[in-house]
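Asker: Take this structure first; my questions come after.
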Protein chains: 2
Amino acid sequence: MAATAFAPASIGNVAVGFDVLGHSFQSIGDRVTARRVATPGVTIGAITGTTVDLPLDAEKNTAGMAVLSMVRDLKLDFGFELTIEKGIPLGSGLGGSAASAVAGVVAANALLPKPLTLLEQLQFALKGEQVASGSRHVDNIAPSLFGGLVLTVGIDNPNVKQIPVPPTVRCVLVHPHMVLNTREARSILSKTVSLSDVIWQTANISGFITGCFTGDLQLIRESLEDVVIEPQRQVLIPGFQAVKQGALSNGALGCSISGAGPTIFAWCEQQHAERVRDAMVAGFATVKMASDAWISTLDAVGARIVD
Amino acid sequence: MAATAFAPASIGNVAVGFDVLGHSFQSIGDRVTARRVATPGVTIGAITGTTVDLPLDAEKNTAGMAVLSMVRDLKLDFGFELTIEKGIPLGSGLGGSAASAVAGVVAANALLPKPLTLLEQLQFALKGEQVASGSRHVDNIAPSLFGGLVLTVGIDNPNVKQIPVPPTVRCVLVHPHMVLNTREARSILSKTVSLSDVIWQTANISGFITGCFTGDLQLIRESLEDVVIEPQRQVLIPGFQAVKQGALSNGALGCSISGAGPTIFAWCEQQHAERVRDAMVAGFATVKMASDAWISTLDAVGARIVD
């Protein structure tokens with residue numbers, strides 16, 4: 001008995017929602033195949049794809065640890081062998097460790113006698129993600145598992161809500177060929193924020209969510225701007241301003257850092273997507289940085305069994 | 001030619017939306033009667049009601065200054081005499097100065113040869129409010145003028161969006177017999193906020209707005225909590241904790257300070273409104289503070305001509 005699950009990449013923060021918003025990105029993702037084995041426990045048979053230097057020890061691997069916590073907490077009398085196919089570059093800020101954890105849980109869940117709810121699966125994926133990030137961050141797990149633009153409120157028992165995105169909106173991702181360490185990107189952040197920036201950011205996330213619910217692209221455009229985190233982190237990404245200005249001057253609704261970076265995302269209307277992508281790639285080229293680029297819908301489609 | 005307008009009271013901030021959210025409160029408000037006079041300019045004939053010691057000099061009165069700015073900016077060849085009937089207690093945190101400004105503009109607007117849009121009226125009301133608060137705060141003006149729960153993004157050309165509220169929700173207001181100065185309530189606020197509180201507040205306002213759009217009362221309950229401003233301001237309101245605990249233990253979805261205080265508001269479902277109100281009044285009684293209390297729907301009905 002085996003099942004293969006695909007879990008999409010995800011963009012944490014979505015500029016205005018540091019640690020609370022995220023959205024799935026369908027064009028890339030990780031695949032995990034789970035095979036039932038007789039012995040309770042988890043082994044990792046192979047890791048292929050964009051990143052192969054990940055730990056094969058299940059306790060140190062996000063997918064491994066996520067599925068291992070299922071085996072243990074559910075007191076299963078069988079185990080799993082996992083094969084991981086990474087489609088998401090390591091350290092890209094695209095939720096690669098979350099996607100592997102989610103894909104592992106979704107694949108293993110398909111082999112359970114009694115499948116779990118999405119919120120139960122979320123909890124197990126979180127335990128895997130914890131191995132990679134050192135803390136329980138749900139803002140990549142939830143969008144990869146549920147799909148679309150997702151708000152998560154609360155930590156221990158997070159409330160997950162999908163927010164509709166106007167169907168003409170596309171997301172452009174440009175990943176420069178460099179690696180940023182998530183812990184470092186977090187450690188440079190100031191521990192305090194000025195009250196005036198708090199008000200501004202609060203207005204922006206409120207406008208952004210309201211614009212999504214009401215299909216008001218102009219409000220999304222005015223609101224999709226991070227005044228708290230991006231000004232601190234952009235220095236870690238060579239060419240950031242060139243990429244952002246390129247996106248905005250070619251019709252993007254907004255452009256910011258995906259998660260902790262270095263990948264940069266932009267939202268735009270469908271008809272501008274290729275122009276925005278090309279401008280962003282050209283922005284990185286101004287600092288002689290090669291990059292990969294993708295375009296995705298923002299459909300509310302999460303992780304799923306594909307085989 | 002004369003017209004009388006009613007503008008509802010309003011609750012600024014709504015706990016989670018400091019300076020960006022507000023909602024109208026239909027049960028109390030100010031009325032302004034505007035009478036066209038031949039001479040360009042504005043005079044104030046009389047002020048009656050809950051507060052009568054307000055300036056009769058139009059340049060120093062919020063309604064007077066709002067209408068005067070209309071006369072000047074629109075280059076009108078006639079003027080207005082205003083009669084103001086205050087229904088909102090002074091210094092209550094219920095947007096009294098905003099309501100007078102809004103009612104003045106709406107009444108005068110009805111007497112123009114070519115009426116203004118709501119956003120144009122908003123700009124004139126803002127100029128009146130500026131006289132009272134010393135700064136341009138739109139979070140009372142917009143809900144009083146538009147009605148319902150209102151988000152305002154931006155200052156110079158604010159974007160105003162109405163957010164639907166589940167129809168079973170009521171707002172309870174309890175106004176203690178004391179006065180708080182808005183400037184003082186603002187001056188005690190710390191100029192910085194910890195990043196962890198920013199994340200928490202961001203999650204709360206996002207959950208609150210999402211709960212309103214999706215009619216999810218449980219999410220509203222979990223999100224309607226101000227972790228930034230209320231902890232600093234509650235010390236200015238004797239009995240605050242007793243009032244809040246009384247509201248929450250009687251079914252309220254949330255309870256916090258209206259605007260800069262000292263009035264306290266709670267959201268609850270219709271069937272709990274009277275119990276919540278009584279518990280809040282009893283909370284103030286524990287510190288020997290008399291209070292007035294009202295219950296209102298959250299209908300999206302703003303300022304209007306009533307005569």
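For all residues, glycine too, the Cβ spot is worked out from N, Cα and C.
What you are looking at is a predicted structure, and each value in this text was computed from that prediction instead of being measured.
Pasting the feature list from TrEMBL:
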type	residues	note
BINDING	A:Pro89, A:Leu90, A:Gly91, A:Ser92, A:Gly93, A:Leu94, A:Gly95, A:Gly96, A:Ser97, A:Ala98, A:Ala99	ATP binding site
DOMAIN	A:67-148	domain 'GHMP kinase N-terminal'
DOMAIN	A:213-282	domain 'GHMP kinase C-terminal'
Asker: Please list, for the domain 'GHMP kinase C-terminal' (A:213-282), how many residues fall into helix, strand and coil according to DSSP.
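Answerer: Secondary-structure composition of the domain 'GHMP kinase C-terminal' (A:213-282): 38 helix, 10 strand, 22 coil.
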Asker: If the ATP site is taken as the center of the Cβ atoms of A:Pro89, A:Leu90, A:Gly91, A:Ser92, A:Gly93, A:Leu94, A:Gly95, A:Gly96, A:Ser97, A:Ala98, A:Ala99, which further residues of that chain fall within 8 Å of it by their Cβ?
Answerer: A:Ala9, A:Ile88, A:Asn140, A:Gly259
Asker: Write out how many residues of the domain 'GHMP kinase N-terminal' (A:67-148) are helix, how many strand and how many coil, based on DSSP.
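Answerer: The domain 'GHMP kinase N-terminal' (A:67-148) comes out at 43 helix, 8 strand, 31 coil.
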Asker: Whose Cβ, among the binding-site residues A:Gly93, A:Gly95, has more other Cβ atoms within 10 Å than any of the rest?
Answerer: A:Gly95
Asker: Would you count the other C-beta atoms found within 10 angstroms of the C-beta of A:Gly91 (ATP binding site) for me?
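Answerer: For A:Gly91 (ATP binding site), the 10 Å Cβ neighbour count is 19.
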Asker: Let's check the environment of A:Pro89 (ATP binding site): how many other CB atoms sit within 10 Å of its CB?
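Answerer: Taking every protein chain into account, the count is 20.
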